[in-house]
């Protein structure tokens, strides 16, 4: 019945109810409130650039107690409940990290960083949902783990809102302890280490308990990350502590076998931290007690030494070395996307590691000394450096070619070969989709040397539709199509464990045909990525090293 034909008093009541409902809906749209198992949180509506839509953002939700005092170098504990409605409209503080590394990289890339504070109290997560999402929506969930060598990074460094809005997905971006506070280990019961990984487990457990309140499906969780974030994802696949906490995994330029991010022993880091801190090194319990008393500034001073810091085999999160766990097929059989970029060590990684000036000065004359040092860093006998020359440099005298081949060698060793190895192990238990991102991004090439192709991390901009710290992307029409395609692949995978759908170029599963997807403005299916290099690193080189050791042993006996 039309309102005009209702009795006067009933018309007033009906109109009042309509106005109330509109007010409540408008209020929820602008300042949505959601429950968690520890209390309520108020978010905000955030308009998504270059779209007509937006998301609800709930920022700085605690998933653990502040890891301070006795909780420094200790497993995370559940957060305390709060009364009233918690404000979730501002970014949380970043975990303690060497800020100078961020600033130097930012200057090189012409990035303007937002003013985000740092604190040891940093175990928070951000949630981005489509505006219609509410309890019962049952949307797929993606949990983003940032990269940064396990020493830098934050939940705010990547703007995930466009992916959430465009693809109707709930996205959670988490933080975890970094550097010494995140990964220092005494190698015994006093401080087993891997605190940052344990923080990630705590965040995934929080998601299982709470994500339904935000419209997410706890039984359809995909974890994804780049670089050290990809290494983290890969490590969760291997960890018994992460069982049942996720159902799909995406590893972008990072897996658990990355050489600088995993170690059998904590000895080197232990001695370095003990020396820098001035704490007694002979007694691990006393050392931890001493380190817990150090100020924020003293911890930051120690952190400055580490460009990267390795996780350790702690017997709990990682029961054995990742290589052993993969070889014995002791991992969670979940569908995976694994990928690398064409030029992994083209620019960003060497600069981050302080190798860019060394590479720029490589000539045929300086090459032997550089390779000898590099072999030592790779934990290879210095005598085998000539094998690296034969495989990558050959007889060329041209400095630019030598430098390019050196960068390729680094990229293969650090990223490509480990990714291929992990993919080959995992495909026996669950589907694996492999990619190589090949596109030279127009929006960043003007700040890089001309030799750089698809550099480490370039694919992330096309997954999220934004670069670091929401840097504006001025994409070409072809790049816009590539962005939409990659967002759709990632979202399809989050929905059903398969990136394919109608209208997209077919992405074959990685089987014994070794097919993979070449991601570019003209995508294509490739076969047997770097097969010769894989053979060199996994068979030829180890065999030659064994022969070298055998001949040295015989010589020693004589």
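Here the Cβ of each residue, glycine as well, is placed from N, Cα and C on the backbone.
Going by Swiss-Prot, these are the annotated features:
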| type | residues | note |
| --- | --- | --- |
| ACT_SITE | 227 | active site, acyl-ester intermediate |
| ACT_SITE | 344 | active site, charge relay system |
| ACT_SITE | 456 | active site, charge relay system |
| DISULFID | 95-122 | disulfide bond |
| DISULFID | 279-290 | disulfide bond |
| CARBOHYD | 275 | N-linked glycosylation site |
| CARBOHYD | 361 | N-linked glycosylation site |
| MOD_RES | 209 | N6-succinyllysine |
| MOD_RES | 296 | N6-succinyllysine |
| SIGNAL | 1-26 | signal peptide |
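Known features from Swiss-Prot, placed on the structure.
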{"residue": "95", "record": "disulfide bond", "Cβ within 10 Å": "28"}
{"residue": "122", "record": "disulfide bond", "Cβ within 10 Å": "27"}
{"residue": "227", "record": "active site, acyl-ester intermediate", "Cβ within 10 Å": "30"}
{"residue": "275", "record": "N-linked glycosylation site", "Cβ within 10 Å": "12"}
{"residue": "279", "record": "disulfide bond", "Cβ within 10 Å": "17"}
{"residue": "290", "record": "disulfide bond", "Cβ within 10 Å": "16"}
{"residue": "296", "record": "N6-succinyllysine", "Cβ within 10 Å": "13"}
{"residue": "344", "record": "active site, charge relay system", "Cβ within 10 Å": "27"}
{"residue": "361", "record": "N-linked glycosylation site", "Cβ within 10 Å": "10"}
{"residue": "456", "record": "active site, charge relay system", "Cβ within 10 Å": "26"}
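Per Cα geometry, 227 is the residue among the active-site residues 227, 344, 456 nearest to residue 275 (N-linked glycosylation site). Distance from the CA of residue 344 (active site, charge relay system) to the CA of residue 361 (N-linked glycosylation site) is 20 Å. Just so you know, the Cβ of residue 209 (N6-succinyllysine) picks up 14 other Cβ atoms within 10 Å once every protein chain is counted. When the Cα of residue 122 (disulfide bond) is compared against those of the recorded positions 279, 290, 296, 344, the shortest separation belongs to 296. Inclusion criterion for the recorded positions 290, 296, 456: a C-alpha placed within 10 angstroms of the C-alpha of residue 227 (active site, acyl-ester intermediate); this criterion is met by 456. A helical conformation is recorded for residue 209 (N6-succinyllysine) in the three-state DSSP classification. Note on proximity: among 95, 279, 296, 456, the recorded positions of the record, the Cα nearest residue 209 (N6-succinyllysine) is that of 95. For the recorded site, residue 275 (N-linked glycosylation site), the DSSP three-state label reads helix. Distance noted between the C-alpha atoms of residue 95 (disulfide bond) and residue 279 (disulfide bond) is 23 Å.
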